[in-house]
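Note sheet for the following structure.
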Amino acid sequence: MDLASRDSEAETVEQSSHSGAEQHSTKVLMLGALGVVYGDIGTSPIYAFREALHASPGIDTRAQVLGVLSLIVWALTIIVTIKYVAFVLRADNKGEGGTLSLMSLARTAYPKGARLILAIGLCGAALFFGDSIITPAISVLSAVEGLRVVTPTLDPYVVPITLLILAILFSVQRFGTGKVAAVFGPVTALWFLAIGVAGLYHLLDDPSILLAINPYYAVTYLASTPTAAFVTVGAVFLAVTGAEALYVDLGHFGRKPIVLAWFSVVFPCLLLNYFGQGAFVLANGGRPTNPFFQMLPDWALMPMVGLATAATVIASQAVISGAFSLTRQAVQLNLLPRIEVQHTSEMQLGQIYMPRINLLVALGVMLLVVGFGSSSSLASAYGISVTGEMLMTTILLFVVMRKLWKWRLAVALPLTLLFGIIDSGFFLANIVKIFEGGWVSITVACLMGLIMWTWIRGTRYLFDKTRRNEIPLDFLAANLLKKKPHLVPGTAVFLTSDPLSAPTALMHSLKHYKVLHEQNVILSVVTAPQPVVSDSDRVKMETVNDLFMRVTLTFGYMEQPNIPRALAICRKRGWKFDIMTTSFFLSRRSLKASPNSGMPVWQDRLFIGLARTAADATEYFQIPTGRVVEIGTQVAI
């Protein structure tokens, strides 16, 4: 009896310890999520309420203030709380989120609609790239503009200071964000606490502002002045920009910490600040130029400008990291050519740096800051890409609801229509700003969409053309077994995208050197529709005959391919792989445009240009350079 009670006590202590560790882990992840996930939406109060008020005509009346605030409250509730927190976050692809993850999930669930789903996914990804150059520009610029409230004499220095901060931000990317990321959470937590307290303090200026919780004021405002309200709706959307980050960063933190952080910290503090700004405007009358900073006491202005700048830099960092992550996914899914990837952490594989993407985003951001000069001007450019991306998410979510979750149409359709109508309304309200700055995000999105479409189309035509000219591997292997050429010791690995055909490098080797290795491996690398592939599913081996073997390596779209490490798994399957006796044969294609390619000449040239910029296969697949033999071939597409 005594032993049983001791065992019971020990079990209770163990369970308590496990529960405590789990709770601690959740709190740590919550803190991290505050910095990475909620940085963008958390800095929206700096400019969202101001822009929404300024979009409405004339002097701000009580009805206008309550109407605008009610629209913001219900936009946060329906789009973020209901759509993303309650539904979209459930659509994880093996724990990962984001447009391309959702696209892969939808394509797997509904193969018949694969092409249409791919097109929707491409649009969503292209729009994200448009967002990635606007977010750092408007966020940091809006924070530094707080200096104008401190003293108007600092106005000429706003743009130079913004450019300096952004230049430092992009220049330190190559060192990785691991060490700095440790302070992201605490700084952002302090930011939310500060904006919440500031809002709560001014809430007492006019407590009747809480009436804005009633959607009646939003509906009345929309109905009373439809034309002006339509423009205001486009500005109201600024309050929910960053909602997509909840889904994009799902794989970094998990659903539970993201949801808990939203309900316990982010949502309450955002509401308090927006209500505080509304009460401040009602109590003071007129039309404030910057209510977020103007409602602060003089002693708090400079500290808040500093904290706002830190918070917006963190928000920008999250978007830059997201651009790196999305680009890697696109490369793995063969939507873009290979791009150089540098790992900045030995512990966290997700922490990567892409020099070319970093440079392009930096140039885009700097040009926007110089060209537009103020966050108010940039606000017009901001909404289109984000609203478009959210609309793509809604469409893909419907496919997942119906085909993967097997929801009835009577349940899935009303929800999709609700989200779709709201997303479409915001999109249309922003599309009218296309000549005021919206053309920027549309141009970037169209350019990225064109690049991805050209790469997909070009690689498909190239694959079909080369396959028609290649000999079936089984036929060649059988003939070489009957009439063997001179055999040399060692193993030859031939990389190819088509494991059924004899690789070009193999044919050129036989033609010019008249020799064959004792063991020849036809190696192909494929990307799975899930983010990560376990080692047990990594390698597929197939013996063709005594001379040839097919090996297929599978990587998830979030993984960086490492061929030598993956081939080491083959030792457990019977193939004694030794890197020191293995030569890797790669075919380097020199492409030439052809009138019979199936694509217009301009697209041929664009595809050839993209192919030339592709990162070296040796480095990309992490093959030791001393073990590589490259054979050049010329191909007309």
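Quick reminder: no glycine exception, Cβ is built from N, Cα and C everywhere.
Residues annotated as region 'Disordered' in Swiss-Prot: 1-21.
Summarising the annotation, Swiss-Prot assigns transmembrane segment to 29-49 (among others) and lists sequence analysis as the type of evidence. Nonlocal intrachain contacts for the transmembrane segment (29-49), taken as residues 6+ away from its ends with a CB within less than 8 angstroms of a stretch CB, comprise 68-69, 72, 80, 135, 138-139, 142-143, 146, 181, 184-189, 191-192, 195, 235-236, 238-243, 245-246, 249, 252-254, 256-258, 260-262, 264-266, 269-270, 273-274, 277-278, 291-293, 308, 311-312, 314-319, 321, 375-376, 379.
Per Swiss-Prot, the feature transmembrane segment maps to 68-88 (among others); the stated evidence is sequence analysis. Among residues of the same chain six or more beyond the transmembrane segment (68-88), those with a C-beta under 8 A of the stretch's C-beta atoms are 41, 48-49, 52-53, 56, 97, 209, 212-218, 221-222, 232-233, 236-237, 239-240, 243-244, 246-247, 258-259, 262-263, 267, 270-271, 274-275, 278, 390, 393-394, 397, 415, 418-419, 422.
Residues or ranges marked as transmembrane segment by Swiss-Prot on the basis of sequence analysis: 116-136 (among others).
For 150-170 (among others), the entry in Swiss-Prot reads transmembrane segment.
A Cβ distance under 8 Å defines the sequence-distant neighbours of the transmembrane segment (180-200), meaning residues of its chain 6+ beyond its ends; these are 31-36, 38-39, 42-43, 45, 172, 265-266, 268-277, 295-296, 300, 304, 307-308, 310-311, 314, 317. Residues or ranges marked as transmembrane segment by Swiss-Prot on the basis of sequence analysis: 180-200 (among others).
The transmembrane segment annotation in Swiss-Prot covers 228-248 (among others). Long-range contacts of the transmembrane segment (228-248) within the same chain, counting only residues at least 6 positions beyond its ends with a Cβ under 8 Å from a Cβ of the stretch, are 36-42, 44-45, 47-49, 51-52, 54-57, 67-68, 71-72, 75-76, 79-80, 83-85, 88-89, 91, 97-99, 102, 128, 131, 135, 221-222, 258, 262, 270, 274, 315, 318-319, 322, 325-326, 379, 382-383, 386-387, 389-390, 393, 425-426, 428-430, 432-433.
For the transmembrane segment (258-278), the list of distant contacts is 26, 30, 33-34, 37-38, 41-42, 44-45, 48-49, 65-66, 68-69, 72-73, 76, 80-81, 85, 89, 189, 192-193, 195-203, 206, 209-210, 212, 239, 246, 249-250, 291-292, 295: same-chain residues at least six beyond its ends, Cβ to Cβ under 8 Å. If you look up Swiss-Prot, you'll see 258-278 (among others) marked as transmembrane segment, on the strength of sequence analysis.
According to Swiss-Prot, the transmembrane segment annotation covers 300-320 (among others). Taking Cβ pairs closer than 8 Å, the transmembrane segment (300-320) reaches residues 35-37, 39-40, 42-43, 46, 131-132, 135-136, 139-140, 142-144, 146-147, 149-150, 165-166, 169-170, 173, 177, 180, 184, 187-188, 190-191, 194, 198, 242, 245, 249, 293, 358, 361 in its own chain, all 6 or more past its ends.
Among the features that Swiss-Prot reports, transmembrane segment is placed at 359-379 (among others). Long-range contacts of the transmembrane segment (359-379) within its own chain (CB-CB distance under 8 A, at least 6 residues past either end) are made by residues 46-47, 50-51, 54, 132-134, 136-138, 140-142, 145, 158-159, 162-163, 166-167, 170, 235, 238, 320, 323, 436-437, 440, 444.
Away from its own ends, the transmembrane segment (381-401) comes close to residues 79, 83, 87-88, 91, 99, 102-103, 105-106, 109-110, 113, 117, 120-121, 123-124, 127-128, 130-131, 134-135, 138, 234, 237-238, 241, 243-244, 247, 368, 372, 407, 411-413, 415-416, 419-420, 423-424, 426-427, 429-431, 433-434, 436-442, 444-445 of its chain (Cβ-Cβ under 8 Å, at least six residues beyond either end). Per Swiss-Prot, the feature transmembrane segment maps to 381-401 (among others); the stated evidence is sequence analysis.
The transmembrane segment feature in Swiss-Prot is assigned to 409-429 (among others); the stated evidence is sequence analysis.
What Swiss-Prot lists as transmembrane segment is 434-454 (among others), and the listing cites sequence analysis. Remote same-chain residues near the transmembrane segment (434-454) are listed as 122-123, 125-127, 129-131, 133-134, 330, 335-336, 364, 368, 372, 377-385, 388, 599, 603, 606-607, 610 (criterion: CB distance under 8 Å, separation of at least six residues from the stretch ends).
Tertiary proximity for the transmembrane segment (409-429) is limited to same-chain residues at least six positions away from its ends with a CB under 8 Å from its CB atoms, namely 75, 78-79, 83, 87, 230-231, 233-234, 237, 383-384, 387-388, 390-391, 394-395, 397-398, 401-402.
Sequence-distant contacts of the transmembrane segment (150-170) (same chain, at least 6 residues past either end, Cβ-Cβ under 8 Å): 136-137, 140-141, 144, 301-302, 305, 309, 313, 316-317, 320, 358, 361-362, 365-366, 369-370, 373-374.
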